[in-house]
Amino acid sequence: MSKFSFNIHHQHKKARSGIIVTAHGEMRTPAFMPVGTRGTVKAMLPESVAETGADILLGNTYHLMLQPTAERIVLLGGLHKFMNWDKPILTDSGGFQVMSLSKLRKITEEGVSFSSHINGDKYMLTPERSTEIQYLLGSTITMAFDECTPYPATFEEAKTSMQLTTRWANRSRNAFVKREGYAQFGIIQGSVYEELREQSAKDLVELDFEGYAIGGLAVGEGQELMFKVLDYAPDFLPQNKPRYLMGVGKPADIIGAVSRGIDMFDCVIPTRAGRNGQAFTKYGTVNIRNSKYADDNKPLEHDCLCPACRNYSKAYLHHLVRIGEILGSMLMTWHNLTYFQNLMSRIREYIKLGKDFDFDS
């Protein structure tokens, strides 16, 4: 089994490209991770996701702990076997979903007590329990438990939240079972305050995680402020370890973040947009529901090799989406995931060639 490692092959200014080696294979960076929240990327077969060029998926601890439960998944051979995906899987800690989905929740030093959004059952999620669940799932990359600081937050509110995340990170690290080829990432917080981001990074670097995520962005602060944070936050992190920007997935945001030193991304945007009839193309977004596509016999993109573009017209996709056929969601999602992986491939090629990004989609 391979050791977990991050090898930077090319660098242009702050942008890096390379390979992350894991127990479940290699992943190219910069990487975009399709979101498989409940053990599936919606409207896609696992092998179809792989065909788009994805090297890694994201799973969600909160949803999987509720249904079908981590204990059931481990009895069935782990998440990789359960969902028939043999490449790396990163699982988030569940903290963000607890904060955003659970109406009845209480944050204490111990963790977060909450009621399930499904049936109202009461649960307690702690750094130790979150780490245990991810271990049972067999996650390649485990995320430390954190509090995602809401935006806007005052300096004092952000400081209190960041310090709690640091204490939880320490407990998450102590609970993590180290195995060859597996990793745990810490999450730095601090909202939009440079002093807090620097302190958070300093505290977490001392815990020697295998990689680091920048959390608490893309929560309403806007691109300008997000980029302002990214102008300095990655520089507080080790050069030789992966940097993951959580929940960011607009093409222009990805390109801007890579140019500031980010290596990994995840977002529901391509899959959710696909199911809602929106396609990403290098010429901009296409709302396939628009009546102007009803008689359009051309593909979404002439040079895209996904099945939606190879085999079907915009008129057919328009028809499927307008009548709510499942195939419409499948084809639109396949196209969008292909677009995002092609974008990452193009980004990696530009870094290899030492070229500035002259595109934003």
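We count from 1, first residue shown onward.
Cβ atoms are placed via backbone N, Cα and C, with glycine included.
Per Swiss-Prot, Zn(2+) is bound by Cys304, Cys306, Cys309; the candidate from His318, His319, His335 named for the same site is His335. Record check: Swiss-Prot places Asp92, Ser93, Gly94, Gly95, Phe96, Asp146, Gly216 at the substrate site, and the matching candidate among Gln67, Gln163, Gln189, Gln239 is Gln189. Long-range neighbours of Gly95 (substrate binding site) (same chain, six or more residues apart, CB within less than 8 Å of its CB): Val112, Leu125, Ser130, Phe145, Asp146, Glu147, Cys148. Distance from the CA of Gly94 (substrate binding site) to the CA of His335 (Zn(2+) binding site) is 29 Å. Long-range Cβ neighbours of Cys304 (Zn(2+) binding site) (same chain, at least 6 residues apart, Cβ-Cβ under 8 Å): Thr281, Arg310, His335, Thr338, Tyr339, Asn342. Within 10 Å of its Cβ, the residue among the binding-site residues Gly94, Gly216 with the fewest other Cβ atoms is Gly94.
Of all residue pairs in the substrate-binding list (Asp92, Ser93, Gly94, Gly95, Phe96, Asp146, Gln189, Gly216), the one with the greatest Cα separation is 16 Å apart. Other residues of the same chain near the substrate site, with their Cβ within 8 Å of the Cβ centroid of Asp92, Ser93, Gly94, Gly95, Phe96, Asp146, Gln189, Gly216, are Met99, Met143, Phe145, Glu147, Cys148, Ile187, Gly215, Met246.
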